[in-house]
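> Okay, here's the structure, questions in a sec.
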Amino acid sequence: MPSFDEVLKEAGEFGRFQKRVFFLLSQTGITFSSLFASVVFLGRAPGNFWCRIPGAAELSERCGWTLEEERNFTVLPLLLGNESAAGQCERLDVTWDASASCSSPLGRYGNGSAPLAPCRGHWVYEQPRASIVGEYDLVCGNAWMLDLSQAILNLGFLAGAFILGYAADRYGRILIYLLSCLGVGICGIIVAFSPNFTVFLIFRFLQGMFGKGTWMTCYVIVTEIVGSDQRMVGIVIQIFFTLGIIILPGIAYLIPTWQGIQLAISLPNFLFLLYYWVVPESPRWLLTRKKGEKALKIMRSIAKHNGKFLSPHYSEITISNEEVSNPSFLDLVRTPQMRRNTLILMYAWFTSALIYQGLVMRLGITGGNLYLDFFISGAVELPSAFLIIVTMDRIGRRLPFAMGNIVASVACLITAFLPEDIPWLKTTVATLGRLSITIAFEVVYLVNSELYPTTLRNFGVSLCSSLCDLGGIIAPFLLFRLAAIWLELPLVIFSILAAVCGLLVLLLPETKGMSLPETVEDVEQLPSHFGKCGKKQKHRDTNSYI
């Protein structure tokens, strides 16, 4: 009986069939990255706004004021009396009634001499539908709720990693992928028409959960249907994530309302339901669930599409003698090599996400054109995939993984201490840091999938990447709280985290040119490059290389 890798080589490791499936599933990266970064535009500044004095709406209607005229009567006297007030978070403590004059409604308080009162839910926006800030009054004392909305999305990613990662290992990759696409679309529509902020948060959480399901399962399907020499597609698929980042500011620029933006990034997920007829279940997963006949049927179909022919004598494919059970966290830490790999990968995911999201959100506190800056920051990520493709097949995974973190660490530290009067140099070094951490972020996807056996791969990738979502939850609070102390303090923290990660990943085994492990025993036999004393160890199984 042939092994799965032998049958895959005969059917074609990256033929016409795999290229078609790869291209179709890669589109998920565009929609997922748009959801991932959507808060930047859903929560953009709503333009001018001010606190409305009680009774101002009725008086404005009676006097026929424009919004600008009402603002002048409301805010200008406040500025006269208190130059530190902007009229956004506080107002003059007066009430306008029917006796107020249209020409001088403040009367004796026209010079701003009235006491001040905090604004409580009486804001007026020039562009109320431009963002969720104006829709749900996320200003002044409620401004922290905007950060909460992004934290809730990342919490949804975290839940999706556990719940849907487990489900994909138990019920199948493609089934969970399709259900997740349906969930993202439905929840996205509900988010767009949420009657209040509570409903918005609930369904944004659910959209994040299903969104993580689409991204993780499509990635695993792609890596499981190609040969070991073609697993770089796991890096190439990241280019589509970057394309989503690049496209998003264009969508936001063309669509004036946040509801329109939300629908534009949600509705395309319904199109992915058509994949039911063109993307099969992962044959590797079918074999782990003792469904060899169905797996062999799919392999014959793959061979036919690739213009190849499988031997008619094949009646069964072997993959492992390992008993299949429902995966758990204990399975990832029960043996020494699995435990080491799991702990290092969890830290790498956490660090990469925290620094990546921190550098993206840092654009919002440094000023500039939001649309242009966001576009440039996305375009900067494109070279990362090409650099990885050029280097990883030549020098392996570990060195680019480590160097990405170390260069990002150095770049963040230098940026923090560069003087403000040479902005071009500061921007250049910060861009190098963004490029480097993107490389590390993309490599961790590939390395994670290569260091777990088939029976635990989707669960292992999902669980380790859940630390990415934890980093995403912490990032906005860490960035804005530390920046309030010193604007560059977050960069110093990012530098320390990245340096530690760069050293730790050197302890991982090199997986260049190796078959995907099928069992935990295969993982334990992966060559360990550094022993306890830091000396290079001999490969225990040289036949594991292709």
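Including glycine, each Cβ sits where the backbone N, Cα and C put it.
Here's the feature list from TrEMBL:
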type: TRANSMEM; residues: 21-42; note: transmembrane segment
type: DOMAIN; residues: 96-513; note: domain 'Major facilitator superfamily (MFS) profile'
type: TRANSMEM; residues: 148-167; note: transmembrane segment
type: TRANSMEM; residues: 174-193; note: transmembrane segment
type: TRANSMEM; residues: 199-222; note: transmembrane segment
type: TRANSMEM; residues: 234-255; note: transmembrane segment
type: TRANSMEM; residues: 261-279; note: transmembrane segment
type: TRANSMEM; residues: 344-365; note: transmembrane segment
type: TRANSMEM; residues: 371-392; note: transmembrane segment
type: TRANSMEM; residues: 399-418; note: transmembrane segment
type: TRANSMEM; residues: 424-447; note: transmembrane segment
type: TRANSMEM; residues: 459-479; note: transmembrane segment
type: TRANSMEM; residues: 485-508; note: transmembrane segment
> Taking 234-255, 261-279, 371-392, 399-418, 424-447 as candidates, which has the most Cβ pairs under 8 Å with the transmembrane segment (485-508)?
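Answer, by Cβ pair count: 399-418.
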> Report yes or no: does the transmembrane segment (424-447) come within contact of the transmembrane segment (148-167), defined as 3 or more CB pairs under 8 Å with a sequence separation of 6 or more?
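Contact absent: fewer than 3 Cβ pairs fall under 8 Å.
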> Average pLDDT across the domain 'Major facilitator superfamily (MFS) profile' (96-513)?
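The answer is 85, the mean pLDDT of the model over that range.
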> Taking contact to mean 3 or more CB pairs closer than 8 A (sequence separation of 6 or more), are the transmembrane segment (148-167) and the transmembrane segment (199-222) in contact?
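Yes, the transmembrane segment (148-167) and the transmembrane segment (199-222) are in contact.
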> Using Cβ atoms only, state whether the transmembrane segment (261-279) and the transmembrane segment (459-479) have three or more pairs under 8 Å that are 6 or more apart in sequence.
no
> For the transmembrane segment (459-479) against the transmembrane segment (371-392), do we get 3 or more Cβ-Cβ pairs below 8 Å once near-sequence pairs (under 6 apart) are dropped?
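Between the transmembrane segment (371-392) and the transmembrane segment (459-479), which are separate recorded stretches, there is no contact, as judged by 3 or more close Cβ pairs.
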> As a test: from 174-193, 199-222, 234-255, 344-365, pick the stretch that has the greatest number of Cβ pairs under 8 Å with the transmembrane segment (371-392).
234-255
> Count, for each of 174-193, 234-255, 344-365, 399-418, the Cβ pairs lying under 8 Å from the transmembrane segment (199-222), and report the range with the highest count.
174-193
> Within the same chain, where does the transmembrane segment (234-255) have neighbours whose Cβ lies under 8 angstroms from its own Cβ atoms, ignoring anything closer than 6 residues to its ends? I mean 6 or more beyond.
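Here the qualifying positions are 22, 25-34, 36-38, 40-41, 44, 218-219, 222-223, 261, 264-265, 370-372, 374-375, 377-379, 381-382, 384-385, 388-389, 392, 438, 442-443, 445-446, 449.
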> Cβ under 8 Å, sequence separation of at least 6 from the ends of the transmembrane segment (399-418): give me the contacting residues as numbers and ranges.
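Here the qualifying positions are 348, 351-352, 355, 387-388, 391-392, 425-426, 429-430, 432-433, 436-440, 443-444, 447, 488-489, 491-492, 494-499, 501-503, 505-506, 508.
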